Structure formats: structure tokens, C-alpha cells
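*Asks:* Below is one structure. I have some questions about it.
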Amino acid sequence: MSDSEAEAPEEEVFPENEDCSQAGSIRKGCDPLAQTQRSKLQHRRSRINQQINKEMRMRAGAENLFRATTNHKVKENVALELSFVNSNLQLLKEELEELNSSMEVYQNDSESINVPMIPLGLKETKEVDLSVSLKDFICEHYGEDSSLYEKELVELMELRQAMRTPSRNEAGLELLMEYYNQLYFLDNRFFPPSKNLGVYFHWYDSLTGVPSCQRALAFEKGSVLFNIGALYTQIGARQDRSTTPGIENAIDAFQKAAGAFNYLKENFSNAPSLDMSVPSLNMLVRLMIAQVQECVFEKVLLQLQGVCHFSAHLQVAQEAARVADVYSLVYQTMTQPPVKDYVPFSWTTMVQVKSEHFKALSHYYAAVAFCDHDMLLVDDEGESEKLLIQFHVSVLEGPALSTVLRDPEERRKLGKAHLKKAVMMHEEAMRIHSLCKILRKMDILQEVLSFAHKRSLGCYSQIDHEDDFFETAEVPPVRPKTQQKPELKTTNFSKVRITDIFHRLGPLSVFSAKSNWSPQRRVHLVRGEGGFGFTLRGDSPVLIAGVIPEGRAAEAGLRKGDYITSVNGQDCKWWKHAEVVQLLKSVAEEGVDIGVITILLPELQSQTDRRSVVLSSSGLMSSDKENVRRLGQSNTSRSTGSLLTWNKKNSTAGGKGSSSTFSLPFKDTEAMY
């Protein structure tokens with residue numbers, strides 16, 4: 001376990017909501033006690049995760065004792081205990097694998113027969129009490145009474161608790177995105193680059209159940225993002241793919257899942273859990289892309305239903321070949337180390353079955369194209385010949401293509417060859433399917449494979465003549481081609497607008513964990529003949545842009561660069577320029593009390609920064625960098641860290657990005673008071 005900390009980078013700040021009354025989330029998670037099929041699976045997953053955690057601790061203790069002791073009798077007893085623990089871990093792993101293979105629970109309830117999709121279970125997490133650490137930080141860093149922020153702390157903890165059980169719909173996604181967006185503010189508010197809050201985030205591996213623990217907030221962010229992708233897979237799997245809208249929804253969900261996993265892969269490195277490692281995420285992205293391609297095939301098949309045209313069936317055949325091609329790539333990825341050591345065997349078998357199944361379908365629809373079109377229009381002959389030239393991966397042996405298209409007997413022979421290939425591949429898919437105990441229990445998959453096999457066998461019997469003395473030719477595979485290439489859709493976090501739960505601490509541009517300021521000073525000002533003697537500029541908070549020498553403000557102790565935080569006891573960190581001006585104009589003869597702070601310049605903090613660098617280089621501290629992002633955008637570059645690195649782009653020296661964290665986009669106008 002690493003003691004790495006998440007460092008809050010300089011970022012483009014999310015739009016802050018000034019209406020404090022609108023703060024807070026009204027979204028809730030699913031009832032954890034609700035006895036739905038999906039919730040039962042999650043309960044079992046949680047129980048197995050806890051048991052795996054217990055067994056792993058016992059194994060770690062036994063291994064330490066085995067290494068430490070020199071007593072042979074103790075070593076024998078410990079070795080025996082280790083064998084029991086390892087046996088229990090193997091049983092728990094198999095039970096978890098069976099849960100990950102429970103695909104039917106996540107499918108839709110439609111009566112239509114579709115090949116099941118592979119969904120991903122959510123990562124489980126332990127409860128985390130952030131209140132003590134955040135209260136201490138509010139007192140120490142912000143200099144405020146932490147008891148005044150009880151409501152905000154409760155709201156944050158309720159939001160984290162709710163996101164552990166999101167519903168399997170758009171509301172569940174918005175709940176996860178809301179918490180993910182709040183982590184941006186939490187990172188900038190409470191996680192400074194040079195201090196560790198001592199908060200540990202515990203998450204269980206979705207595939208293995210092995211627990212991981214880190215103090216880096218980046219680990220929390222990555223795990224939530226993983227669950228967003230996993231929830232998209234469940235939403236995609238439950239769509240009714242017997243209708244075009246259902247297929248479109250499934251395509252959209254799987255593309256967004258692929259985008260989430262790909263974003264995670266590109267922005268996190270050296271993750272502590274296997275499910276978030278680069279090989280695993282690469283496998284998941286390819287799996288989602290394959291499932292998108294399968295949906296595209298179903299969409300094309302549905303659109304061309306009832307269309308009896310030579311080119312239409314060739315198109316369907318090439319779409320099927322494309323699906324087989326991408327599933328073959330997924331299978332290769334799943335069988336490579338280290339992925340093959342922890343990916344469920346049922347997943348690997350399902351992917352292999354689908355690859356063979358769609359190869360068979362490509363040959364079946366090719367046969368339909370050749371056998372079901374006895375009469376080809378003369379006008380279509382040239383176009384059909386062009387399509388046929390690019391249809392196979394290699395050149396057909398035998399008569400010229402023009403002869404094949406004109407001669408029904410030649411088309412029958414070619415169709416028969418494709419059907420023979422289809423039957424053989426359907427049988428291979430069924431053989432592979434029979435090797436997996438979990439898949440054998442999946443009735444709908446068995447039904448799909450059996451139906452396709454019988455259909456191809458029936459067509460072969462119809463065109464197989466008793467007087468056929470020629471040997472069936474060997475046809476090349478169908479060339480893969482698709483009408484719709486899958487996309488990696490990045491999650492659009494900006495669609496879930498939130499308010500910073502701790503917005504009362506002040507605008508993030510000034511009041512952040514990275515900034516330091518002097519204790520608040522209270523200054524009493526009385527208007528003189530020339531006014532107060534200072535210039536104001538900017539909004540939220542208002543800046544004292546200039547102070548007239550020997551004026552009332554200078555005599556009271558105001559300095560250029562001070563920020564106004566209160567006026568007559570009223571907190572005005574979020575006030576606009578005009579609001580502060582209006583209040584100052586209405587001041588009576590007795591004057592006004594102004595609270596101000598002074599931002600400590602970066603050079604005053606350089607010693608602390610240098611100390612952090614020394615600690616990092618000596619191995620005592622490793623800072624995790626978070627990706628610079630705005631909601632819905634990602635600009636990233638690779639960097640390295642100890643365990644989990646959230647990367648960011650480096651600002652060019654002297655460029656626009658080199659301004660300090662407390663600079664504000666001031667208005668052009670200034671006013672003297």
C-alpha cells in the first residue's frame with residue numbers, strides 16, 4: 001500500500017453556483033435492502049469481498065510467521081494453515097467468478113431471442129468517515145469554526161453512501177457523476193500537495209474481490225469512474241434489442257462504457273487493483289467495442305428485414321464477419337497474461353463462442369445471397385460483380401464472377417460451399433459452449449446457437465441434390481466490413497450541474513488547499529473628505545486594487561492586494577463588485593468594519609514546496625497528480641507516479657497557464673472610494 005497523496009493541480013474551475021440556497025444533492029441510491037435479483041448479486045459480491053479480505057489477512061500473517069520462525073514444528077503447522085487458507089481463497093474466487101458470469105440477471109425481459117451481452121459488476125467500497133479530517137482542516141487551514149459545517153459534512157457523507165448503490169438507469173449514472181464532480185471540489189478544498197489528511201479509501205477489485213487501499217483521492221476518483229463505465233455496461237445489456245430504439249440505446253451505452261474505460265486507461269497508471277490496470281482496461285474497451293459491433297449487426301439485420309436483394313444479404317454477411325473479427329481480437333486479449341489469470345472463464349468462453357457463431361452467420365448470409373436470388377436484373381449485374389470482387393478475403397477459385405452471377409447452378413454450388421462452412425462453425429461454437437458449466441446453464445444462449453445451427457443445416461439439406469457428384473469447394477472467409485464504426489464516447493460530466501458542497505468557504509480561485517493567506521484582519525474605516533482612499537476591482541471576492549498613500553484606508557492598515565471577506569460582520573466572499581460598492585456608499589458617519597485577508601505570495605511558500613520535493617525524491621512521499629480537466633473535457637499527458645497517477649498537462653513557462661492560483665479575471669473597470 002502506498003502513502004501517496006493526490007495533488008490538486010491548477011485547473012479551470014467549474015462554474016460556481018452563487019445561489020447558496022440551491023446547494024445540495026437530492027439524489028439517492030437504491031434501497032440496499034431491496035431484494036431485487038441485481039441487489040442480491042451485489043450483496044453476495046460484498047459478502048465474498050469481505051471474506052476474501054479476511055482470508056488474505058490470515059494468509060499474510062501466516063506467511064510472515066512462516067518466514068520469521070525457526071521452529072520446524074511451527075513451520076509445519078503454519079504451512080498446513082496456509083494450504084487451508086489458499087484453498088478457501090480459491091473457492092471464494094470461483095464463487096466470485098460465478099457472480100461475474102451471471103449475465104442473465106442483467107439482460108432485458110423481452111421475449112425476443114438475442115445473444116446475451118457481458119455486463120460488468122460494480123466495485124464495492126467500504127464506508128469512509130471524512131468528517132474528522134475535514135473538520136481539522138477547516139479549523140487549521142481556513143481558520144473557521146468547523147462546527148458550522150456539520151450540514152455540509154453530513155451531505156457529503158450521504159452522497160458517498162448513496163453512490164455505493166446506484167440505480168441501473170440514467171438517475172444512477174447522474175448520481176455517480178455528481179459525486180465524481182464533487183470530488184473535484186473536495187480535492188481542491190482539502191487535499192494540499194504538501195500534507196496528508198490520513199484518510200484511507202478502500203475499494204474491492206470487481207474481478208477478483210481483492211481489496212485495495214490508498215490515501216490518494218485519485219484512487220477514489222478512478223474507482224467511481226470505473227463504476228460509471230460498469231453501470232453503462234449493465235444499462236446496455238438490459239436494452240430490448242428487438243427494436244431499433246433499443247439497439248440504438250445499447251450502442252450508446254456500450255460506447256460510453258468503452259469511453260469511460262479508455263479515459264481511465266489513459267489517465268491512470270500503476271493502479272493498485274487489477275481491474276483498473278492497463279491490460280484489464282484495454283480488454284474491457286475491446287470487449288465493449290465488440291458488443292457495439294454486435295449491436296450494429298443486429299441493427300442492420302433489422303433494417304434489412306424483408307429486403308430480398310443480393311447486395312443486402314452480402315452486407316449482412318460482411319457485418320457478421322466484422323463482429324467475428326472484433327470478438328476474435330477480444331479473445332486474444334483475454335488469453336494473454338496477466339489478464340487470463342483473473343478474467344472469468346465464462347467470459348473467455350462466451351467471447352470465443354460469439355467469434356465462431358458470427359463467422360458461421362457470415363457464411364450463412366453469403367449462402368442466402370447466392371441461393372435465394374435466381375433472377376438477377378441485367379442492370380444490377382455490373383454492380384453485383386463489383387460487390388462480389390470485394391466480398392471474400394481472397395480470390396474465388398473456379399469460373400469467372402460474371403459466369404457465377406449469370407449461372408444459377410454455379411451460384412448454388414457457391415452457396416452450398418458457404419453453408420457447409422456455416423454448419424461446421426456452428427458446430428464448433430456449440431462444442432466450445434458445452435465446455436463451460438456456467439454457459440450451459442444459460443438457456444437463451446443455448447437456444448440461439450441451436451436455432452442458428454438447425455437453420456443452416458436445413459438450408460444445406462434443401463440445396464443438396466442427390467446427383468451432386470462434384471466435391472464441395474473450399475470458400476475463403478468473408479471480408480469484414482461495417483457500415484457504422486464504433487466510437488469511444490467520453491463521459492459528459494458537464495450535463496450534471498452541481499454546487500460545491502463547501503461553497504461557504506469561499507471562491508475556489510482564492511480559498512483552496514493550495515493557497516495560503518494571512519489571518520483575517522478587521523479594519524475600521526471612516527469616510528474622509530476624499531472618500532475611503534482605496535480602489536476596488538473584481539468579483540467574488542472583491543480585491544483592493546490600490547490604496548492612496550496617507551489616505552484613510554492606508555492609515556487603517558489596508559494594503560494593495562487585500563481581499564475583502566466581510567463588511568460589518570457580513571460574509572461577502574461571494575459578493576459582486578456592485579454589491580460591496582452599494583454597501584460602502586450607504587455607510588453612515590460612524591464608519592464601517594471591513595474584514596480582509598492577504599494572500600501569501602508563492603515565494604513565501606517556496607521553502608515548503610522545496611521541502612516537498614526533497615521528501616518526494618527521497619522516497620518519503622510520492623505525490624499523485626490529478627488530470628487537468630473541465631467538466632466534459634480532458635487534456636492529458638503521460639507521467640509517472642508510485643501507485644496511482646492522475647496525470648496533467650504541464651503549463652508552459654511564461655504562458656497563460658503560469659499565472660498564480662489566486663489571480664482573478666478582473667473587470668476592466670476600477671472605482672475609487
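Cβ coordinates come from backbone N, Cα and C, glycine included.
Keep in mind that TrEMBL annotations are predicted by a computer and have not been checked by a curator.
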*Asks:* Look up region 'Disordered' in TrEMBL and report which of 1-29, 30-58, 494-522 it refers to.
*Replies:* 1-29
*Asks:* When you get a sec, could you say which of 75-109, 215-249, 530-564 is annotated coiled coil by TrEMBL?
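*Replies:* Coiled coil, as annotated by TrEMBL, spans 75-109.
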*Asks:* What average pLDDT is reported by the model for the domain 'BRO1' (116-508)?
*Replies:* 89
